[in-house]
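Database features (Swiss-Prot):
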{"type": "ACT_SITE", "residues": "Arg721", "note": "active site"}
{"type": "BINDING", "residues": "His659, Asp661, His711", "note": "Fe cation binding site"}
{"type": "DOMAIN", "residues": "639-730", "note": "domain 'Fe2OG dioxygenase'"}
{"type": "CARBOHYD", "residues": "Asn200", "note": "N-linked glycosylation site"}
{"type": "CARBOHYD", "residues": "Asn403", "note": "N-linked glycosylation site"}
{"type": "CARBOHYD", "residues": "Asn541", "note": "N-linked glycosylation site"}
{"type": "CARBOHYD", "residues": "Asn689", "note": "N-linked glycosylation site"}
{"type": "SIGNAL", "residues": "1-20", "note": "signal peptide"}
Amino acid sequence: MVPPAVLLPWVVLPLLGVQGGSGSKQEENLLVLTVATKQTEGFRRFRRSAQFFNYKIQVLGLDEEWKGGDDKKPAGGGQKVRLLKSALKQHADKEDLVILFIESYDVLFASGPTELLKKFKQAKSKVVFSAENYIYPDRKLEAKYPPVRDGKRFLGSGGFIGYAPNLKKLVEEWKGKDDDSDQLFYTKIFLDPEKRENINISLDHRSRIFQNLNGALDEVVLKFENARVRARNLLYDTLPVIIHGNGPTKLQLNYLGNYIPQIWTFETGCTVCDEGLRSLTGIKDEALPMILIGIFIEQPTPFLSQFFLRLRNLHYPKQRIQIFIHNHEEHHSMQVDSFVKEHSKEYLAMKVIGPDDEVENAEARNLGMDLCRKDPDCDYYFSLDAEVVLKNTETLRILIEQNKSVIAPLVSRHEKLWSNFWGALSPDGYYARSEDYVDIVQRRRVGLWNVPYISSVYMVKGKVLRSELDEGDLFHGGKLDADMAFCHNVRNQGVFMYLTNRHQFGHILSLENYQTTHLHNDLWQIFSNPEDWREKYIHENYTAALKGKLVEMPCPDVYWFPIFTDTACDELVEEMEHYGKWSTGDNTDSRIQGGYENVPTIDIHMNQIGFEREWYKFLLDYIAPITEKLYPGYYTKTQFELAFVVRYKPDEQPSLMPHHDASTFTINIALNRVGIDYEGGGCRFLRYNCSIRAPRKGWTLMHPGRLTHYHEGLPTTKGTRYIAVSFIDP
């Protein structure tokens, strides 16, 4: 028994702002028939575009088992002919009724019924099929096709329009099976001259009505004009009414569907971003959706301590969060263990797979996702790689409220175009740059974007993992990397992956050039990840000092301002002590040119720990700008021959004799706390009889070097005092 056709109630409801025309009697004689056995995301996109233009739609076969074959192969589709033949019985005698039969999963309307009917009647045929460049499924039939002087030669079965009686004639001879080829059936009718003339069939050779994308990707561009957007065929200079992402072109349809119909324009921005939201407003913490966060540390990663701090600071109740951690790197085991020990009880649950478990990337990602899939209480799975710097504490709530099956927040490398999504794929499935990629990354176009590839950070609905994505192994796929395999498998299930750049979320660390040979490797990241280096190591009040605030002058022409965080001070001291090769404090010093030091200290030079380039970058980026403000008219390139950390101890070297520095100006940064780590110490400028006896940790003194500022280091009486010194522009 053939199921009855299903008429969905939404199709007749008028929408505000629709572009479909006035609802004339002519348009009332238009009916759109489509086949959809399941309400996929592709179908819902088709439905929305039909709603927008106020088309009258009848859906055939809804909830019926699909037996029409694999849609990835050209053969099959006979089930659609059977359903159409059955539906046409009730319309056979309606001579004025025009019926459009169209696919739904990979189709968009770009214009309304008025334009469609006008172009159909201009064709002066009773039935018009879409046309394309390729013949299938039987290439031997090519010679039988009528020659075409201008346009596409071959019939495409994905869309056709005609009068009801003529369409009844078209399908009345169908007696095939559900998995027989509808394409071959219609092709043979068209190639029979008698039937073609009797039914009065023509092809839409110039894509005036139907734009099949297969074999025509280079022909189609977006046309923005007067707050509207259309697909334009450059080859024929036409504006098709219907866009069909047939064959391997579904990804291009996804791209076009980010704009058509009026989804996004330059004048309006995103018009659908607030549709179908899931509001979390007013929901008590204990009633919020449960999230499983999968954390993946797959390679040595800088700033991991900051990563865990940001994780803890996410604005979401920890008792509604479970955490799964896969740490592949022994280098990070101590940091992971510390986080688990200190914070595991704060969360609903926590599971860790470490280096000793020898679980590889793809398998670990499958395990994390499977924990959510198998837990009926898991509402969302949030995958988060350790190189993602997630600064927006509202990220989880934002993604949940957007209410998509799969959604990723945009993150990119600092001031780079490298990001966590691709706007297009090359023919072999790798990266290709879409026309809008740069605008999306730089947020010149803001909205929700259906994209073919996401990575690093994304959210998946738990119910989707238990339905469309219930396959337990999503992260393997031949020779593909785990992230590419995941996206490939998600796309194959017809699930859309969205990217949102409606908010600033954060960025991605560069893992290139990350060294693991030091005690505190993050210190060396000033080149690769300057923004994160600044956040960790530069004092929070440095910007105020740069504006002239928080700058003190305790002695004439001696400036005092914040520069380092406590972490920077501690790690620099610990790095020097870890290196351990302190100088002896003698005048003889092979480290300097000439081998003689007039005013020796017990110290370690920056170049001894391989930190000279990084220190120069620090001086150039942070000391030079403030120098030029404090000493107007002087412009420094922060050249230096000596940069070092000095250690003062009562039983070692407690003080330093009066001297001039071999510099134009000097910086002297206090690296620990007077009264806590040591007693005494400080600096006295003899010419001014002015002393600074309580240096503040992380603050620097800046003063002229040779000629005017003759000074001495005051005795350290207890503990150990550390300072970082640079003689600049010697």
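Even glycines carry a Cβ here, placed using N, Cα and C.
Recorded features from Swiss-Prot, shown on the structure.
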residue : record                      : Cβ contacts under 8 Å, 6 or more apart
Asn200  : N-linked glycosylation site : Ser125, Lys126, Val127, Asn166
Asn403  : N-linked glycosylation site : Gly276, Leu277, Arg278
Asn541  : N-linked glycosylation site : Leu550, Pro562
Asp661  : Fe cation binding site      : Gly705, Arg706, His709, Phe727
Asn689  : N-linked glycosylation site : none
His711  : Fe cation binding site      : Pro658, His659, Cys683, Arg684, Phe685, Leu686, His703
Arg721  : active site                 : Arg647, Tyr648, Lys649, Asn672, Val674, Asp677, Tyr678, Gly680, Gly681
(message) I'd like the number of other C-beta atoms within 10 A of the C-beta of His659 (Fe cation binding site), please.
(response) 14
(request) Can you see whether DSSP assigns His659 (Fe cation binding site) to helix, strand or coil? (result) strand
(message) Can you give me the residues near the recorded Fe cation site, meaning same chain, not His659, Asp661, His711 themselves, Cβ no more than 8 Å from the center of the site's Cβ atoms?
(response) Val599, Leu656, Pro658, His660, Thr666, Gly705, His709, Tyr710, Glu712
